[in-house]
Structures are given as C-alpha cells and as structure tokens.
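Have a look at the structure below before the remarks.
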Amino acid sequence: MAAARRGSAGSEARLSLATFLLGASVLALPLLTRAGLQGRTGLALYVAGLNALLLLLYRPPRYQIAIRACFLGFVFGCGVLLSFSQSSWNHFGWYVCSLSLFHYSEYLVTAVNNPKSLSLDSFLLNHSLEYTVAALSSWIEFTLENIFWPELKQITWLSATGLLMVVFGECLRKAAMFTAGSNFNHVVQSEKSDTHTLVTSGVYAWCRHPSYVGWFYWSIGTQVMLCNPICGVVYALTVWRFFRDRTEEEEISLIHFFGEEYLDYKKRVPTGLPFIKGVKVEL
C-alpha cells in the first residue's frame, strides 16, 4: 500500500512538473507577437490553447493537479517577462516569480518527500482567507503607490534586499521540509503516527522551527521587494503573531508526543523566530 502511494505521488510529481513547465512556456509569447499577433490577442489564444490541451490530455483527478501546476507555471512565466520589461512593474515581476515558485515547490517537495500527506491542498493556494486578503492588499498598495509615487517602486537596492530575504526564506523552508522528511506536514498534528520521530539534525540543530523561520522571512521579504511600506509593517506584525501562536500550538503536541526528549531539545535550541520562545512549560 505504501509503495503504491509512493508510486502514485511520484507520478503526480512528474505530472505537476511537466504542466508547470508547460505553463511557463508563456515565455515564448514575445515570439508570437513578433509573428504579427497583438499582445492581448496572443495571450488570450495562448491561455485558451493551454486549457484545451489540458482538458484533452487529463481527466480528474489528474486534471485538477495539472491545471493548478500549469497556472503556477504560467504565472511564473509572466513574472519573468515582467521582470525584464522596461517599466516600473519589473520588481513586481520578481514578486510574481517568487510567489508562484513558493506555491508550486510546496506541492512538489511534498510529493517527493512525504507522499502520504500529498493532496491538492499541498499547493497552499487555498491557505486561508487572511492569506488571500494579505496578498490582495499588497497588490493594491503596490499599484496605488506605483501610480502616485512611481519613484518609490524603483529603489533597486531595497528590492534586491527583499529578493535575498525571499531566497533565504525559501531555501531554509525547503531544507527544513527535506530534513524532516515524512515528519513534515502542512497541518499541525494532534495524534502521533507510528513513523513520527523527533528531528534534531540539519537545520533543526540551528532552530526548532526552521520552516516557520523561512516562511517568516519570505513573507516580509516579499514586501521589502515590492517597496511596500504599509504592508511591510503590517506583514511583519501579522506573521510574527501568527507564528507565535502556531509555534505554541505545535509545541504542545510535540511535548505530548516526545515528552522529556522534546523538552531537552527545547532547552538547547531556540525557535529561530525573533522574540518567540515557544510554549511555556510549568515544572
């Protein structure tokens, strides 16, 4: 049964990668415009062609995987095109690439690393209403400030700093997922599985919650990249509070699962998140 599930997840990983790359082939769109098609017309035909191809090739549930991965690849490709455009939106292109890669890589790494927990939710596209509102708010702020204060969006060194924060956060989070292996899950577990072990090596030797640390700096980095002063502050406060509560919730389960072993680990290794110590234990 486990071998069959791994084989299925491997197939789903390959499917997602193939369709992500298919979506990213929108990078060839400039060739179509040079051939005489108008930009919007070419884009509309391209999107219609992709959807038709996916409908012909796949049936549910594989179509559900394919359409999501293809969409993220398409967004990534558009982000690359925007990044190289001669406009005040080029740094937004960096953001679009970072966002699409984050969501796609969450699914791909889960498929490779912990196939038993793989689902469409692994894309994290339906993370929460708060996440959606936060993303929309950052887009609105960028758009308005780009209209009224375009020079604010052309601070390249600041956007580059944000990009470095995003890359660091992404790499740390994925390192945490690979290190934890089947112990990693997007949902805090309330029951210990037979294969659940306490991971204290690799990046977990540096901090207790490296996946949260990575996501924390990734989130703030996106707003630094966009030069969004309002959302930058709001994101920092919001994600700090979120991870403070999430860390405490998770550590209650970990103490229940591993007892003294986790308490000893907790004493030795910090959370990695600024001013967050984790759940308080009364001795």
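Cβ from N, Cα, C; glycine included.
Features of the protein shown, as given by Swiss-Prot:
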| type | residues | note |
| --- | --- | --- |
| BINDING | GLN189, HIS196, THR197, LEU198, VAL199, TYR204, HIS209, PRO210, SER211, TYR212, GLU250 | S-adenosyl-L-methionine binding site |
| BINDING | ARG246 | substrate binding site |
| TOPO_DOM | 1-15 | topological domain 'Cytoplasmic' |
| TOPO_DOM | 33-40 | topological domain 'Lumenal' |
| TOPO_DOM | 59-68 | topological domain 'Cytoplasmic' |
| TOPO_DOM | 87-91 | topological domain 'Lumenal' |
| TOPO_DOM | 112-130 | topological domain 'Cytoplasmic' |
| TOPO_DOM | 149-153 | topological domain 'Lumenal' |
| TOPO_DOM | 174-211 | topological domain 'Cytoplasmic' |
| TOPO_DOM | 244-283 | topological domain 'Cytoplasmic' |
| TRANSMEM | 16-32 | transmembrane segment |
| TRANSMEM | 41-58 | transmembrane segment |
| TRANSMEM | 69-86 | transmembrane segment |
| TRANSMEM | 92-111 | transmembrane segment |
| TRANSMEM | 131-148 | transmembrane segment |
| TRANSMEM | 154-173 | transmembrane segment |
| TRANSMEM | 212-227 | transmembrane segment |
| TRANSMEM | 229-243 | transmembrane segment |
### Contacting positions for the transmembrane segment (69-86) when only residues 6+ beyond its ends and CB under 8 Å are counted
15-17, 19-27, 29-30, 47, 50, 54, 92-101, 103-104, 107, 123
#### Entry: seg_contact(the transmembrane segment (212-227), the transmembrane segment (16-32)) with at least 3 CB pairs under 8 angstroms, min sep 6
no
### Task
List nothing but the one residue from THR197, VAL199, SER211, ARG246, GLU250 whose Cβ has the fewest other Cβ atoms within 10 Å; the candidates are the binding-site residues.
THR197
### Query
If H, G and I count as helix, E and B as strand, and all else as coil, what does DSSP give for VAL199 (S-adenosyl-L-methionine binding site)?
coil
### Query
What number of additional C-beta atoms lies within 10 angstroms of the C-beta atom of GLN189 (S-adenosyl-L-methionine binding site)?
14
#### Entry: Among 41-58, 154-173, 229-243, stretch most in contact with the transmembrane segment (131-148) (C-beta, under 8 angstroms)
229-243
### Summary
Counted with DSSP (H/G/I as helix, E/B as strand, rest coil), the topological domain 'Cytoplasmic' (112-130) has 11 helix, 0 strand, 8 coil
### Number of Cβ atoms other than its own within 10 Å, given for HIS209 (S-adenosyl-L-methionine binding site)
24
#### Entry: Intrachain neighbours beyond the topological domain 'Lumenal' (149-153), with Cβ under 8 angstroms and 6 or more residues off its ends
88, 91-92, 142, 226-227
### Distant-in-sequence neighbours of the topological domain 'Lumenal' (87-91), which means Cβ under 8 A and at least six residues beyond its ends
146, 150, 153-154, 156, 159, 225-227
